[in-house]
Structure formats: structure tokens, C-alpha cells
Ligand SMILES: N[C@H](CCC[C@H](N)C(=O)O)C(=O)O
């Protein structure tokens with residue numbers, strides 16, 4: 001089968017985006033792994049698939065696959081690229097697009113030719129729903145990582161995130177701690193791991209070791225999770241600029257009971273087709 005795709009990125013978090021609306025597709029994990037492979041396929045952090053809606057109050061189903069073929073519940077940078085993609089392929093003319101993912105509904109708003117704003121929904125903080133094996137919600141959790149006790153935040157944006165505050169993201173131990181925390185027994189669905197440096201009350205630096213993808217140049221849901229944790233700890237204000245290695249995102253969260261809004265750029269790199 002020859003499969004058409006569009007290669008896109010959101011500040012360096014890169015995606016292969018596929019139209020599953022005008023072409024009925026059944027992608028198997030081995031197809032995803034080939035597409036995502038940076039030597040044997042196209043190469044990307046995630047594969048995004050636009051599908052017809054499964055309910056009357058949304059425009060599309062937005063499916064997200066990690067490079068190992070596993071399906072994720074949310075992808076923030078991907079959501080911005082998804083919005084650009086479905087408009088560019090004339091699958092919709094709307095400027096506000098409602099999509100369903102495995103974790104619920106997200107609303108995508110085209111701001112201008114470059115920027116897209118995503119309503120990422122409310123964060124989930126109950127440990128059982130993240131999921132994190134802890135009896136009750138705490139401001140911080142202590143995680144024993146190979147004998148070292150680490151203080152973390154735990155937030156779900158639909159997908160699970162652990163967040164650590166560090167003094168300098170340039171020297172944080174992401175290569176060592178990222179995989180150990182991702183696979184920690186206390187996170188039964190594994191997790192994405194953010195390393196956050198507080199610059200000001202309205203600015204952080206962030207690096208993210210993504211679940212199933214390793215460190216990426218940017219992680220949208222990770223930026224949201226870090227701001228939520230920072231605000232809950234009293235370190236951050238409502239509007240925060242998040243500096244990631246690939247670029248910056250703007251995150252706004254008024255506080256509990258409100259949704260998190262993320263704004264950032266999107267880019268189309270090329271269009272192509274791959275033989276599966
Ligand atoms: N690796 C993530 C999915 C992609 C998230 C990231 N690319 C974003 O922009 O939110 C997970 O397994 O939960």
C-alpha cells in the first residue's frame with residue numbers, strides 16, 4: 001500500500017500526519033513503527049491520524065501513536081499541527097475545530113497563519129487517574145529511584161506526566177533519570193518526564209523525556225503539566241512562557257476548575273508517500 005502523508009513539526013516535535021478521513025485506513029503497530037523509524041521509514045516523534053468523528057459534537061477523531069506503535073491519549077504540539085493539516089487538506093473550513101482523543105475533547109483554534117491555540121482540557125491531579133500508585137493526592141510525591149529519593153509533581157493532561165524542578169535544565173540528569181522515571185513501577189502506564197527550571201514567575205525552561213519517544217525538542221502536554229505543577233506549588237503565575245530546546249510555547253492556566261490553554265507555532269516541512 002502507498003500511503004500519503006504530510007511531515008510537520010511544532011517547535012521541533014515532529015510528526016507524520018495522515019488523512020484517515022478520505023482514505024479508510026487500518027494502521028497496524030508494525031506500520032506505525034516503520035513510518036516513525038528515522039532510518040527505515042520517514043522518521044518522527046509521533047504519527048498522527050485524522051479520522052471521521054465518532055460523535056455528533058466533534059469534527060474529527062485525533063489518533064496519536066508513539067514510535068513504538070503504542071497509542072497515546074494526548075499530544076499538544078501534535079494538536080496544533082492537526083488543526084493546520086485538516087484545514088490545509090480542506091477537510092474543514094472551521095477556525096475552531098473540536099477533536100476527540102482517547103482522553104476526551106480538545107478544542108483547536110487557528111489564531112493566524114502560524115499560531116494555533118489548543119484548549120487542552122482540565123489537568124487531572126488525582127493519583128489514581130494519572131495513574132500513579134499513591135493512596136491520596138499530595139502537593140509533591142517522593143519517588144525512590146535506584147535508592148535516591150526524588151521530589152516530583154504528577155499531572156495528567158490525558159497522558160501521564162512526572163515533573164521535577166531542577167536548578168538548570170542544561171545540567172539536569174535527563175539521560176539517566178528520564179528512562180528510570182518513565183518506567184518506574186509506581187507509574188503503571190509509564191509516564192512522560194519533565195525537567196523544569198523556574199526562570200521567573202512567568203517563564204520556565206523545560207526539557208522532556210517523552211514516554212516511548214525519549215527526549216524530544218518539545219512536548220506540548222509536558223509544558224502544560226509543568227506549568228500546572230509550578231502553579232500548584234506557588235512558583236508560577238497564570239500566564240507562563242515555556243522555553244523548550246526547540247522553541248517556546250505560551251501556557252495559560254487560571255487554576256483548578258479551569259482548562260489549560262497552549263499557544264504555539266506549526267510548520268509543514270514536506271509531503272510524501274511511503275510504501276507499507
Ligand atoms: N509521548 C507522549 C505523546 C506525545 C506527547 C507530546 N509530543 C506532546 O506534544 O504533548 C505520551 O506517550 O504520552
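Any Cβ shown, glycine's included, is placed from N, Cα and C.
What TrEMBL records for this protein:
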| type | residues | note |
| --- | --- | --- |
| ACT_SITE | 75 | active site |
| ACT_SITE | 75 | active site, proton donor |
| ACT_SITE | 219 | active site, proton acceptor |
| BINDING | 13, 46, 66, 76, 77, 159, 192, 210, 211, 220, 221 | substrate binding site |
| SITE | 270 | site 'Important for dimerization' |
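Counting only same-chain residues at least 6 apart in sequence, those with a Cβ under 8 Å from the Cβ of residue 219 (active site, proton acceptor) are 13, 76, 77, 192, 194, 206, 208, 210, 244. Around residue 270 (site 'Important for dimerization'), the same-chain residues at least 6 positions away in sequence with a Cβ under 8 Å from its Cβ are 6, 7. Fewest Cβ neighbours within 10 Å among the binding-site residues 77, 192: this applies to 192. Cα to Cα, residue 211 (substrate binding site) and residue 75 (active site) are separated by 11 Å. The candidate set comprises the binding-site residues 13, 66, 221. Of these, 221 has the most other Cβ atoms within 10 Å.
For the pair formed by residue 221 (substrate binding site) and the residue listed as 'active site', distance between Cα atoms is given as 6 Å, rounded to the nearest Å.
Same-chain neighbours of the substrate site beyond 13, 46, 66, 76, 77, 159, 192, 210, 211, 220, 221, judged by a C-beta within 8 angstroms of the site's C-beta center, are, in sequence order, 45, 64, 72, 74, 75, 78, 208, 213, 216, 219, 222. Residues near residue 75 (active site) in space but far in sequence (CB under 8 A, at least 6 apart, same chain), listed by position: 46, 48, 64, 101, 159, 220, 221. According to its DSSP assignment, residue 66 (substrate binding site) is coil.
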